[in-house]
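Asker: Structure below; questions to follow.
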Amino acid sequence: MVFITHVKSLCGRLKEILFQLQRDAAFADKCLALLVAGSLFLPSSVSSVTIVLAAFYVMADYQRRELVFRAPCMKLLFGFLVLSFFVAAAYKNYMGMGMTLMLLAMLVYGMYLRYTMNRRLFHQILDFICIMSIPAILAAIVQKSITFAIDPSYRPVSFFTNANYFGTMIEFTVLITLYRAYTNRQFSPLYAAVLGMNMIGMYLCSSMSALAAMSCGIIVFLLYKRRFKLCAAYVGVLLLFFFANNFLPELFPRVEAIGATTNQRVSIWHGALAGILQTPLLGRGLRAYSIIHDMVGTYATYHCHNLYLDCLLNFGIVGCTVFVLFGGYYLRDVVRQIRTRTAGNAALLFLAVLLVTLVHGCTDVTISWTQTGMLFLIVFSATGICTKKETSRTVLSAYHSYFQQPELSASYLIKE
């Protein structure tokens, strides 16, 4: 009888939640945002389905759809990606076609999230990301423990496709955790624990590119916050680690593989340049390198292991110009705030994540994936938050405004 009572109570609560989802658009958007963020630390099949459903949620309603396509440069970028889909089809680049559709879904939901974002929701999402990173790290520890006796060089992937994607997720999560430690100081010990766990994950995935990029982001963040001693301590620990690795190479065995991986990348880059010269204007669609490496006789893999060459090969000069126009429009205000030192912590977080992406992009293209790309767009949504004073937009007031919600009792969620 007690069990039946609990089941009835649970069903009643679920009905209440469903009713609230139907009548409260802001609550529905919040739940969906948390669901998408949490799914990024699950297998990519789960996150892909979640993102596609989120995009359908946006596109199914005229007012939500209008919010997305009123965004400056959005129609230009969306239109080009549709064109790129047909370019990929013309070259029988079926993987590129599928990934382009996925990118469109991510873009639609990412831009909607930007226009409905406020600081409280942003902090809730980031806190949930910090929490979800812990099971991913634990999974990597288990994978390493199981395989260590058989293959000590095995790089755990956790719930991700490969160790490099895992490393990129850790890069972003470390910066997010650092940001939340500054904006929510009363819980700094908890964020320090999350930071420590993610550093363990970074060590296990053994991604040298991820470590270098993450370090650049951390140093820039700390320097801007004028935490010079903490920055010097971090740099000192890094130098000590690499110094120790000279005497104990088994600490970070991937360092010994730098020569081999560099030769592979040089081969890939030669092939990419040859492919770019063949289709300089529009490229061949996403994952173009996977269909040309046999043709040009270079190292076989899925992408160019260089974000800039990959963009040129995939989208050509026209596509890269569109991306620069789109990114430049949204980046200019952030750069102005940084230069005048009026930027809030959220703008600084986005700039640090962007820097990490561009640095890592010199040797890999891990941002071009469902989980990593969507996490980047979640951080990008911070550019929709006014850093000095949150005011509701005229467009949003006709639909719903998050800024008129009552304050939560948990005040730490709204600290800047």
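Sequential numbering from 1, following the chain as shown.
Placement of Cβ uses the backbone N, Cα and C atoms for every residue, glycine included.
When I checked TrEMBL for this same protein, it listed these features:
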- 32-60: transmembrane segment (TRANSMEM)
- 67-88: transmembrane segment (TRANSMEM)
- 94-113: transmembrane segment (TRANSMEM)
- 125-143: transmembrane segment (TRANSMEM)
- 163-182: transmembrane segment (TRANSMEM)
- 200-324: domain 'O-antigen ligase-related' (DOMAIN)
- 203-224: transmembrane segment (TRANSMEM)
- 230-248: transmembrane segment (TRANSMEM)
- 268-292: transmembrane segment (TRANSMEM)
- 312-331: transmembrane segment (TRANSMEM)
- 343-361: transmembrane segment (TRANSMEM)
- 367-387: transmembrane segment (TRANSMEM)
Asker: Does the structure show the transmembrane segment (343-361) and the transmembrane segment (203-224) touching, where I'm treating 3 or more Cβ pairs under 8 angstroms (sequence separation 6 or more) as a contact?
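Answerer: Counting Cβ pairs under 8 Å, at least 3, so yes.
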Asker: Report the DSSP secondary-structure composition of the domain 'O-antigen ligase-related' (200-324) as helix, strand and coil residue counts.
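Answerer: Per DSSP, the residues of the domain 'O-antigen ligase-related' (200-324) fall into 98 helix, 0 strand, 27 coil.
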Asker: Does the transmembrane segment (32-60) make contact with the transmembrane segment (125-143) through 3 or more Cβ pairs under 8 Å, each pair 6 or more apart in sequence?
Answerer: yes
Asker: I need to check the long-range neighbours of the transmembrane segment (268-292): which residues 6 or more away from its ends have a CB within less than 8 Å of a CB in the stretch?
Answerer: 83-85, 87-89, 91-93, 95-97, 99-100, 103, 298-299, 301-306, 309-310, 312-319, 368
Asker: Do at least three C-beta pairs under 8 angstroms join the transmembrane segment (163-182) to the transmembrane segment (230-248), pairs 6 or more apart in sequence?
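Answerer: No; fewer than 3 Cβ pairs under 8 Å.
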Asker: List, by number or range, the same-chain residues at least 6 past the transmembrane segment (367-387) whose CB is under 8 A from its CB atoms?
Answerer: 36-37, 40-41, 44, 47-48, 51, 99, 102-103, 106-107, 109-110, 113-119, 122, 125, 129, 160-161, 165, 168-169, 172, 176, 286, 303, 307, 310, 330, 333-334, 337, 342-344, 346-347, 349-350, 353, 357, 360-361
